[in-house]
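In what follows, a structure is listed as C-alpha cells, so that the remarks can point back to it.
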Amino acid sequence: MKKDDIRRSVKARKTLLSDDDKFSAAEKVFGLLEQTADFLLADRILMYHSLPDELSTHEFIRKWCGRKHFYLPRVNGVNLEILPYDESRLALGSFHIEEPTGNDMSAIDDIEMIVVPAVAYDRSGNRVGRGKGYYDRLLADSRARKVGVAYDFQLVDEIDSEPHDVRVDVVITESNHIIIRKR
Ligand SMILES: Nc1nc2c(c(=O)[nH]1)N(C=O)[C@@H](CNc1ccc(C(=O)N[C@@H](CCC(=O)O)C(=O)O)cc1)CN2
Ligand SMILES: Nc1ncnc2c1ncn2[C@@H]1O[C@H](COP(=O)(O)OP(=O)(O)OP(=O)(O)O)[C@@H](O)[C@H]1O
C-alpha cells in the first residue's frame with residue numbers, strides 16, 4: 001500500500017474514535033508495553049508527547065516518570081533534539097507539540113529504548129510517519145530498542161517501504177504484540 005493512501009485512510013478512521021475508545025486503547029497498549037522485558041530493563045526511554053490524534057502517552061508518562069528517565073524529542077530545523085522530560089518545563093513548539101525547554105540536550109547514544117509514534121505499521125516493522133522524515137533520521141542514528149505503538153487499525157497489510165525507512169523492532173497495538181527482531 002502507498003504511504004499517502006495509508007495516511008488518508010488512517011486519518012479518516014481516527015475521526016470515528018470516541019474519548020472512551022482512545023482512553024481504553026492507550027490503557028491496553030501501554031499495559032502491554034510495561035510488561036515487556038524491553039521496557040522493564042530500560043531506564044532511559046525516549047517517549048513522544050502525544051497530539052490529540054495520536055495514541056495518548058500522557059497517562060503512561062505520568063505513571064512511570066518517577067521510576068524511569070523519560071526523554072522527549074524537540075524539533076530543531078530538520079532534526080530532532082532529545083531532552084529530559086520535565087512536566088513543569090514543557091512549552092508549545094513546532095507543530096503544536098509540547099516539547100522540553102532548555103539546553104541540556106542528550107546524545108541519541110544515551111537512549112536505551114524509543115517509543116515511536118506513527119501513522120501506521122506493518123507486521124515487518126515498516127512504518128509510515130507524518131512524511132517529514134524526522135523519525136527516519138533519528139532512528140537511523142540509534143541502536144536503541146525501537147517499539148512502535150498504535151491503534152489496531154493502524155496495523156496495515158503491507159507498506160511500500162523506501163531505502164531510508166528504518167524498521168521498528170516491536171509493534172504493539174491493543175490486540176497485537178509483534179516481535180520483529182529479538183533483543
Ligand atoms: N507527538 C509527536 N511528537 C513528535 C512527532 C510526532 O509524530 N508526534 N514527530 C514525528 O515526526 C516529530 C515532529 N514532527 C511532526 C511533523 C508533522 C506534524 C504535523 O502535524 N503535520 C501535519 C501537517 C501540519 C503542518 O505542516 O503544519 C499533518 O500531519 O497533518 C507533526 C509533527 C517530533 N515530535
Ligand atoms: N536518513 C535520512 N536522511 C535524509 N533524509 C531522509 C532520511 N530519511 C528520510 N528522509 C527524507 O524525509 C522525507 C520523508 O520521508 P518519509 O515519507 O518516509 O517520512 P515518514 O517516515 O513518513 O516521516 P517521519 O520519519 O517524520 O515519521 C523524504 O523526502 C526522505 O527523503
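In case you wondered, yes, glycine gets a Cβ from its N, Cα and C as well.
Among the features that TrEMBL reports, ATP binding site is placed at LYS3, ASP4, ASP5, ILE6, ARG7, ARG127, VAL128, GLY129, ARG130, GLY131, LYS132, GLY133, TYR134, TYR135. TrEMBL lists GLU54 with the feature substrate binding site.
Proximity to ligand 1 at the level of Cβ atoms, with a cut-off under 6 angstroms, picks out none of the binding-site residues LYS3, ARG7, VAL128. Counting other CB atoms no more than 10 Å from each candidate's CB, the binding-site residues ASP5, GLU54 peak at GLU54. Contacts of TYR134 (ATP binding site) defined by a Cβ separation under 8 A and a same-chain sequence distance of 6+ are given as PRO73, VAL75, VAL78, ASN79, LEU80, in order along the sequence.
By the rule that a residue counts when its Cβ sits under 6 Å from some atom of ligand 2, the binding-site residues ASP5, ARG7, GLU54 yield nothing.
For VAL128 (ATP binding site), the count of additional Cβ atoms within 10 Å of its Cβ stands at 24 [all protein chains shown]. Cβ crowding, taken as the number of other Cβ atoms within 10 Å, peaks at ARG7 among the binding-site residues ARG7, ARG130, LYS132. If you compare every pair of Cα atoms in LYS3, ASP4, ASP5, ILE6, ARG7, ARG127, VAL128, GLY129, ARG130, GLY131, LYS132, GLY133, TYR134, TYR135, the residues listed for ATP, the longest distance is 20 angstrom.
The two recorded residues, ARG7 (ATP binding site) and the residue listed as 'substrate binding site', have Cα atoms 13 Å apart. Sequence-distant contacts of LYS3 (ATP binding site), defined as residues of its own chain at least six apart whose C-beta falls under 8 angstroms from its C-beta, comprise VAL128, GLY131, ILE159, ASP160.
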